[in-house]
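Asker: Relevant sequence annotations retrieved from Swiss-Prot are reproduced here:
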| type | residues | note |
| --- | --- | --- |
| MOTIF | 581-586 | motif 'Endoplasmic reticulum export signal' |
| SIGNAL | 1-24 | signal peptide |
| TOPO_DOM | 25-229 | topological domain 'Lumenal' |
| TOPO_DOM | 384-397 | topological domain 'Lumenal' |
| TOPO_DOM | 474-485 | topological domain 'Lumenal' |
| TOPO_DOM | 543-553 | topological domain 'Lumenal' |
| TRANSMEM | 230-250 | transmembrane segment |
| TRANSMEM | 303-323 | transmembrane segment |
| TRANSMEM | 325-345 | transmembrane segment |
| TRANSMEM | 363-383 | transmembrane segment |
| TRANSMEM | 398-418 | transmembrane segment |
| TRANSMEM | 453-473 | transmembrane segment |
| TRANSMEM | 486-506 | transmembrane segment |
| TRANSMEM | 522-542 | transmembrane segment |
| TRANSMEM | 554-574 | transmembrane segment |
Amino acid sequence: MRTPTTILLLVGAILFSGAGYVRSDASDHRYKEGDTVPLYANKVGPFHNPSETYRYFDLPFCIPEGVKEKKEALGEVLNGDRLVSAPYKLNFRDEKESEVYCNKKLSKEEVKQFRKAVEKDYYFQMYYDDLPIWGFIGKVDKDIKSDPSEFKYFLYKHIQFEILYNKDRVIEISARMDPHSLVDLTEDKEVDAEFMYTVKWKETETPFEKRMEKYSMSSSLPHHLEIHWFSIINSCVTVLLLTGFLATILMRVLKNDFMKYAQDEEAADDQEETGWKYIHGDVFRFPTHNSLFAASLGSGTQLFTLTIFIFMLALVGVFYPYNRGALFTALVVIYALTSGIAGYTSASFYCQLEGKSWVRNLLLTGCLFCGPLFLTFCFLNTVAITYTATAALPFGTIVVIVLIWTLVTSPLLVLGGIAGKNSKAEFQAPCRTTKYPREIPPLPWYRSAIPQMAMAGFLPFSAIYIELYYIFASVWGHRIYTIYSILFIVFIILIIVTAFITVALTYFQLAAEDHQWWWRSFLCGGSTGLFIYAYCLYYYYARSDMSGFMQTSFFFGYMACICYGFFLMLGTVGFRAALLFVRHIYRSIKCE
């Protein structure tokens, strides 16, 4: 058991040694009056389609001379960031009033392109000294008219920057579009446009260390916190009711069972051969498709470990707002470093299940989650390339990811598998397994797999569904989510409810003399992932304004992968809890 512990300690040391580096990634530059402060234009895109973003100069803005692309980290590229030097000169404490930076005659095609962008509510994003700036590129004047052909389309041509500074550091920046300085795009004709900008500087007492707090305050407002705490209380009540109910029922039932089975020598044959003790010779019979089962446990354990490490980094403040690409970088690195845990767990359990083809099992473990994720990525990346969107990964980034998988993930997976194979641990079964399996008696329909999965998934989902909206609005929208402590509490509640409901359903399954509980407990535990995917359908059609083939395919494609990951992770939690329970109750009776 030292191997997985060693791997966990190693991963933790690497991550927390790098945590300080990630946090200091925000610019700590000091400037003198007149110094150049880096300003990068990032991307543009429809406001309601967060995945459908394009390079800033894909729209026919004035392109300055010597445009330079910023060298980006892996996480920034995965996040769809494509930073280039912006056309504005915002030197430190250098004020400007209606400075013209470009005069341009827009052709008919450029007018059409801008009008289409304005119609779709295109916004732009920039970074000034690593502080984000947003704004819409234009507006639609509907003037209480219902006929879209009568709408008027305007392009903003004057942007007003207001920058706050504290001594020699930039603290805050905001951009406001001048509503009176517009270019009419309604008709298909050439238009003269004079683009200009204004810069105002104001001093503030806000320290540099707190300049990012502005972006996390929205999620910490009292009315938002009330909803979050209502979610926590709702979840806690669910947990208390569930655990109390199950504990009462199971303890009472098990107590009666133990008393009955303790007197089995005096009881009649028809009384002693009933219930879950009747199948003690079959309950530890290994499941079918043992290689797939072990691989699922290995992948689920890895994803559970990955989630814990992500929460640890979030709670120490690594994922502060607009730390570009930090989450994606952490996901890639931690997944690669924890692959040894998947290999060890899968191979050791597979050998306990008396499996012989451990190499094939290891290959299955490596592909079980990465395979569907890779196929989904290939399809969605092709869609993004077709749209020329920034979500399309460059060839170099794909090569880097393949190298990480080849040089880090795969070797660690193999090393973990070898360690698991050589652990020589035997499966601890309190009862001997008979040579031939008993026939399972006919069961009512509600004891079959699908109704049981529906019952098992509903309760854990009900404990997290309120928090899901805020997570979705952050991942697939423009909300900022920073209350990671509450999210971690919800995650712990999710794990507890999943474990308890799986244990209860496993007991009722065994009491009905159905000994095929291995896969059933895994499926019941993981069924919450199916409920989350069903919530995706509801969120897309009822709570969001997403549209278009690209955004739709990205949303449902990547959410399918995330829900599949939840299925594997929670399935592992459910099975582990059920295994502990089954071992406990059969260890408490005398098995022949």
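Numbering starts at 1 and runs along the chain as displayed.
The backbone N, Cα and C atoms fix where each Cβ goes, and this holds for glycine too.
Just so it is clear, the model here is predicted, and its values are computed rather than measured.
Looking at the shown structure, what environment does each listed feature sit in?
Answerer: Residues 254, 257, 276, 280, 283-284, 428-431, 503, 506-507, 510, 517 of the same chain lie 6+ residues outside the motif 'Endoplasmic reticulum export signal' (581-586) yet bring a C-beta within less than 8 angstroms of a C-beta in it.
Per-residue confidence over the topological domain 'Lumenal' (384-397) averages 96 (mean pLDDT, predicted model).
For the transmembrane segment (325-345), the list of distant contacts is 3-4, 7-8, 10-11, 14-15, 22, 25, 72-79, 81, 294, 297-299, 301-302, 305-306, 309-310, 313, 318-319, 362, 365-366, 401, 404-405, 408-410, 412-420, 423: same-chain residues at least six beyond its ends, Cβ to Cβ under 8 Å.
Using a Cβ-Cβ cut-off under 8 Å and counting only residues 6 or more beyond its ends in the same chain, the transmembrane segment (398-418) has close neighbours at 3-4, 7, 74, 332, 335-337, 339-347, 358, 361-362, 365-366, 370.
Residues 219, 227-228, 230-231, 234-235, 238-239, 242, 479, 481, 486-487, 490, 493-494, 497-498, 501-502, 505, 523-525, 527-532, 535-536, 539, 543-544, 570, 574 of the same chain lie 6 or more positions beyond the ends of the transmembrane segment (453-473) yet place their CB under 8 Å from a CB of it.
Sequence-distant contacts of the transmembrane segment (554-574) (same chain, at least 6 residues past either end, Cβ-Cβ under 8 Å): 51-52, 296-297, 299-301, 303-304, 307, 368-369, 372-373, 376, 379-380, 383-384, 391, 456, 460, 476, 494-495, 498-499, 502, 521-530, 532-533, 536, 540, 546.
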Asker: For the transmembrane segment (230-250), find every same-chain residue at least 6 residues outside the stretch whose CB is under 8 Å from a CB in it, and list them.
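Answerer: Distal contacts: 459, 462-464, 466-467, 486, 489-490, 493, 496-497, 500-501, 503-504, 507.
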Asker: Which residue counts does DSSP yield for the motif 'Endoplasmic reticulum export signal' (581-586) in the helix, strand and coil classes, in that order?
Answerer: 6 helix, 0 strand, 0 coil
Asker: Run through the topological domain 'Lumenal' (543-553) and tell me, per DSSP, how many residues are helix, strand and coil.
Answerer: 6 helix, 0 strand, 5 coil
